[in-house]
């Protein structure tokens, strides 16, 4: 048996096993703040969501307090609280504050919340005494709308991300190699658990392995595209029911010289399968990925049928989705099979 591979490039769940380190140009992430917010984890997003509102409320609360302080509203309110009768009889009757009922920073903070979230002013309201207060009211409303648009849009995008739809696109746990039409083929099964379809679905496959050029350059993750075949021809598939996608191992295939004897000795071999399409219900492009290592490829086996006709409609038994059966298969490479057809 081959030694266990140190790390796989793409996990079985489609997650890419790549860590980005020593990025010096961190400022580039701030040039696209919205995408950065969407990519953050939920705890960080909720923290930013909460702090953005709290900071804006505190900032404008301080502005409202300064306006009241500069206009003398705080002194007048304090004097009324000490002598309530003065407000009804004296000079206080002719005094008009910028914002009514502002007595302290706490009341200014509450007024800031009322302005931004429009929950009703109650006893606090802006008067026509101070043009600066009217200008601050307009600015705070615009800032509040911008924050709402960004944060609510960010949360909507996080809840409707394409990889959520990819959770219901499944691949067989193992891939198989067996004869089909007299040729060795690499086969896997793909299915969609939802009734809503993936429109314009395409599938492609790559072999990722460590290679070295003639000049001695070592490429640790060389990605080689290989041609996939499917029952409808081309790369487009009609994924209304599970399909067996296969790759014919010919002279242009990286698997041309692999036999069951040396298959598990290719510890650096990894085959990546990528399924892309448009979600029918939302119109969002989604992508599902998986990979197969050498020890996840079964030689001389074939997937069992899982689609049957029952009561005038086709039924899919997903309990047998990854089941395989042994079939007669030559224990030789595709090269040897092509050179000597009598092996079959």
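Counting starts with 1 at the first residue shown.
Glycine too: its Cβ is placed from the backbone N, Cα and C atoms.
Residue ranges 133-156, 157-180, 181-204, 205-228 are listed, and TrEMBL annotates 133-156 among them as transmembrane segment. Between the stretches 46-67, 68-89, 90-111, TrEMBL puts its transmembrane segment entry on 46-67.
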